[in-house]
Amino acid sequence: MSVLTSSGRIPRRRRRPAFDWPRHAPTVALVPFAAYTAAALAWFVGGPYPFARPANPESNFPDHWLAAADPAVVEGVTAGAGAVVVATLLLMRFRVTAGRPVLLAVGWTVSAFLALVLPGSEALAGIPVFNLLTLFRLAWPTVHLLVLAYAGVALAVATLGYQRVTRDACPHCGRDDRRPGWSQTRWTRISRAAALTAFAAPFGYAVPRVLWAAGIPVGTTPEFLERINAANPGHGTAIMELSLAAMAVTGGVLCLGLIQRWGEVWPWWVLGLAGRPVPRWFPVGLAGACGAGLFGYATMLVPDLVRFLAGRPVMFDDTDVRMTLASEVPAFALLLWSTAVLAAVVAYNYRTRGRCRHCGRMSG
């Protein structure tokens with residue numbers, strides 16, 4: 001029952017959350033990690049190994065580094081790392097503070113690896129818009145990689161909740177009474193810089209594609225373009241390159257929504273929703289998934305970038321055409337773009353959040 005305060009106001013009863021995610025997130029994350037730990041033990045005794053090269057010719061998984069890895073090594077690492085994560089999640093579930101830095105290091109490191117690095121070139125298949133465009137059936141190795149990526153996200157959520165609870169902050173918003181946190185002005189500056197970078201970066205990927213579609217061999221040789229044209233008869237090459245360029249530019253423009261009003265209020269051209277507030281989970285979830293997918297894809301290009309910067313010869317896939325600085329620009333652009341998108345999403349989340357429904361704090 002509410003009572004009058006010294007100010008004469010009746011305090012509003014705080015609404016109990018329908019789902020207490022900081023408490024239950026470790027349990028939810030525990031399920032896939034326990035399952036894959038048990039599966040790795042089954043692989044040891046002759047169970048079907050899921051990361052063998054698929055027979056599906058449309059699959060990109062044979063290009064993944066995991067396809068060439070020794071199965072015995074993968075099985076051992078999966079079982080060992082899985083057991084460590086399971087133990088970590090159990091300790092997080094019961095909010096054990098002993099060894100807190102170690103638990104946080106395990107949680108954040110493993111979640112970042114699974115969600116951002118492990119999917120590799122298969123990461124884009126986990127984004128709904130790209131999955132709709134790729135009508136072929138996903139190979140089982142790709143399905144496993146996507147499940148592990150989502151398990152990494154679940155582990156990150158569990159780690160975030162544990163980190164907040166064990167420093168006596170609100171588990172839902174992370175605010176506390178000891179540290180004010182960054183101001184909204186600072187988050188606005190970070191958001192603007194990250195979003196503008198995310199807008200500009202994809203042009204480094206799109207411009208070479210447009211030039212290739214026009215038959216201009218920037219960063220490559222005429223012979224390489226002839227091979228592409230031979231593999232895509234008619235106007236296939238031009239359509240493919242222009243489509244990729246258009247998708248990149250469109251993605252860059254949409255990133256501006258993270259700093260524009262139409263990223264917080266539906267614009268007039270969204271029929272049925274114009275003028276209504278944009279739910280924060282929508283841009284955070286969609287842009288976050290796209291940023292993670294792009295980052296995973298970009299990580300597959302890092303080895304070639306490192307070899308190129310080290311002065312070693314790097315060839316285009318299955319050709320004798322040597323890559324130049326101009327041909328490496330799209331790879332740099334993708335890596336910069338994905339990083340900027342993820343930074344812009346984090347800044348948008350903190351910039352647009354209001355008063356916490358659970359602790360009542362506003363600043364920070």
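Just so you know, glycine gets a Cβ as well, placed from its N, Cα and C.
Worth saying up front: this structure is predicted, and the values here are computed from it rather than measured.
Annotation source TrEMBL lists transmembrane segment at 21-45 (among others).
Long-range Cβ contacts of the transmembrane segment (65-90) within its own chain (Cβ-Cβ under 8 Å, at least 6 residues beyond either end) map to 26-27, 29-30, 33-34, 36-37, 39-41, 43-44, 49, 51-53, 103, 106-107, 110, 118, 120, 141, 145, 155, 158, 300. Taken from TrEMBL, the feature transmembrane segment applies to 65-90 (among others).
The feature transmembrane segment is assigned by TrEMBL to 102-118 (among others).
The feature transmembrane segment is assigned by TrEMBL to 138-162 (among others).
Look at TrEMBL and you will find 193-218 (among others) tagged as transmembrane segment.
The feature transmembrane segment is assigned by TrEMBL to 238-259 (among others).
Annotation source TrEMBL lists transmembrane segment at 280-302 (among others). Tertiary proximity for the transmembrane segment (280-302) is limited to same-chain residues at least six positions away from its ends with a CB under 8 Å from its CB atoms, namely 63-65, 115-124, 126-128, 130, 149, 251, 254-255, 257-258, 263, 331, 334-335, 337-339, 341-342, 344-345, 348-349, 352-353.
Per TrEMBL, transmembrane segment is recorded for 329-348 (among others).
Within the same chain, residues 191-192, 194-196, 198-203, 205-207, 209-210, 212-214, 232, 283, 287, 290, 337, 340-341, 344-345, 347-348 sit at least 6 positions outside the transmembrane segment (238-259) and bring their C-beta atoms closer than 8 Å to a C-beta of that stretch.
Residues of the same chain lying 6 or more positions beyond the ends of the transmembrane segment (138-162) and with a Cβ under 8 Å from any Cβ of it are 21-23, 25-26, 28-29, 32-33, 36, 50-52, 54, 56, 59-61, 64, 66-67, 85, 89, 92, 95, 103-104, 107-108, 110-116, 118-120, 122-123, 125-126, 131, 171, 174, 292, 296.
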